[in-house]
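Below is one structure, written out as structure tokens; comments come after it.
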There are 2 protein chains.
Amino acid sequence: MREAYHVELENLAERLAGMSGQVADAMERATKAMLESDLELAERVISSDSLVDDARADCEEQAYALLALQAPVATDLRVVLAAIHAAESLERMGDLALHVAKAARRRHPDPVLPENVRPYFAEMGKAAVRLARRAEQVIRTRDVEAARAIETDDDQVDDIHRHLFSVLMDKDWPHGVAAAVDVTLLGRFYERYADHAVSVAKRMVFVVTGRMPGYSATEA
Amino acid sequence: MREAYHVELENLAERLAGMSGQVADAMERATKAMLESDLELAERVISSDSLVDDARADCEEQAYALLALQAPVATDLRVVLAAIHAAESLERMGDLALHVAKAARRRHPDPVLPENVRPYFAEMGKAAVRLARRAEQVIRTRDVEAARAIETDDDQVDDIHRHLFSVLMDKDWPHGVAAAVDVTLLGRFYERYADHAVSVAKRMVFVVTGRMPGYSATEA
């Protein structure tokens, strides 16, 4: 029984790692599509989102099967539930990448972003994708050290996001309200994506170590 | 065993209903605090948020105990997991009410919102609170009919949200970019709150009926 349980648990971790990779790719492509007004790439992100939704449903099914067939208790139980929560966050990250891609499509062939804020989004995009890839790495390698770097990347997204707001709020913002609205929402999408990635990584550290690093329920 | 299980499950439902009530109150007060620049009320919402976080932790603990001690299978298992997901959504709704209250505090004694968009927020606030109260009602009374009204309220929030955007995007928006940024984010908070309420209500219908009404994973 225990052996079957651990094989199943490894399969589940493998699927979660796959989802992390999917949503990292999605955000990388969505950011590129937005920055380069690449409609084809935007469409690719949009049509791929259902794969993330499917992967989440698969993870839940597998976790439910584990609970039903193995009836884990104590730490083992928490590990399975952490995986269910992580799958939910990962799906949400996919949705946020989808929102970015849809913004690129909506404004095409015009650029979504005014020239002066593009570097902020290029940086936020890189940091956000790095967060998702680190979460993937933590899941695959069980390298808890890698999880430590996650807070740093998240702080970076928050810093850039704050700078972005100071640019927006500057009285000399010359791009009008419509662009400001787009920039506000897009900034929010990256910030939320990063928050979810941190939440996933922390839950994965818990899966590996049985301990939640500085977990606060509000981050979930 | 089955009897203990059903008593436990009723306790869990009672706690979820309590959480729905808490987050409905929070959004009602946050909206009032924002519309009337009421700092004291905003502070009350801000300091109460930890109670919602605690309630969520309690719900999770109780659900974990149910899983560990009763090892439910099939529909019973799905019911407990639906409750865990609902608790997560409810906590997030509390966070969104908190964001509204913080905006009221940040701008105090100035109003957060320009005069011409206040009616939109008054309406979105009412619809959002109604959604949370309906979710509470569905949980308490197991009245699945009440759940049907939920889609209508959510459509209403989405409609107002769209109108709000057309006001924002109008070339004659006279309130400047900073106000537009606030209005954009606040509108998003109400929209997300409503989405989570719909998700909670659907999961509760599932808890009662064992069937998910038109459930799409992306709504979670």
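Backbone N, Cα and C atoms are what each Cβ position is placed from, and that goes for glycine too.
Unlike curated entries, TrEMBL annotations are predicted automatically.
In TrEMBL this protein carries:
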{"type": "DOMAIN", "residues": "A:18-103", "note": "domain 'PhoU'"}
{"type": "DOMAIN", "residues": "A:122-203", "note": "domain 'PhoU'"}
Across the domain 'PhoU' (A:122-203), DSSP labelling yields 74 helix, 0 strand, 8 coil
Taking DSSP helix as H, G and I and strand as E and B, the domain 'PhoU' (A:18-103) has 80 helix, 0 strand, 6 coil
Rounded mean pLDDT within the domain 'PhoU' (A:122-203) lands at 90
